[in-house]
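As structure tokens, the structure follows; a few thoughts come after it.
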Amino acid sequence: MQNPTTTPGSLLTAMRANPPLVQCITNFVAMNIAANVMLAAGASPAMVHAEEEAGEFAAISGALTINIGTLSTGWLAGMTSAAQAANKAGKPWVLDPVAHYATSFRRRSVAQLLELQPTIIRGNASEIIALAGGTSRGQGVDSRDPVELAEEAAVQLAQKHRTIVAVTGATDFVTDGNKASRIEGGSPLMPQVTALGCSLTCLVGAFAATRPDHPLDATVAALAAFAVAGERAGRQVDGPGSFSWRFLDALAALDEKAIDSEARVISL
């Protein structure tokens, strides 16, 4: 991590002491679970995406997250306005380029958003490989590439765009183009619950709002909290249905000691 005196647990404590308002421009599938994940973690989500107000709302939020899962021309206008406002206000923002490789509209839209210099990019391995110009095996919104194959692409992407890149999957990888960490944990049931990855993007935004001066630390902390909650929930259930609500309970029950004792963060 960038700052060895900052732990994931201490950032969770700081976030809950001053819950950040996070504008989550996310897809229709993810809105409900993402809002619940944010509330369980201790943040304040706002699912505001309309072009007419997205920029104004971004200016008063602690952070912005943009997810292109259910993209349209109107949504893109709102995303662009919000990102511009976040930049002007000095607020961190996170880009989640969901299945950007799938259509020309998505590719053009992500290229436009990248020009606005996201603070953090979070995606699965296939998305990150393709975003760096490689050939991925993504199928729709699902990754068919292991995280390990995306690590080099993540470093290149971080260096090119001067951003933090997080590749999430069975094991997560986070880099600023120089330093890097792996985060182990979670549960094999997590990919069977829709929109958990999209929800993680929102949580990254919440931690970034808490520590805007150290987005690498913030990203690692968010992923560590998610992994510990997923691992705890996975030990209590037999399938994805019960996992979804157990995960929210586990996330709400996390505290500083639990994360710092159970998180498996490996600095590379």
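Backbone N, Cα and C atoms are what each Cβ position is placed from, and that goes for glycine too.
Features as listed in Swiss-Prot:
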- Met47, Ala195: substrate binding site (BINDING)
- Arg122, Thr168: ATP binding site (BINDING)
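Ala195 (substrate binding site) is 13 Å away from Thr168 (ATP binding site) when you measure Cα to Cα.
For Met47 (substrate binding site), the same-chain residues 6+ apart in sequence whose C-beta sits under 8 angstroms from its C-beta are Cys24, Ile25, Thr26, Met31, Ala34, Ala35. Spatially close to Arg122 (ATP binding site) yet at least six residues away along the chain are Val94, Leu95, Asp96, Val165, Ala166, Thr168, Gly197, Leu200, Thr201, Val204, Thr219, judged by Cβ distances under 8 angstroms. According to DSSP, Arg122 (ATP binding site) is assigned to a strand segment.
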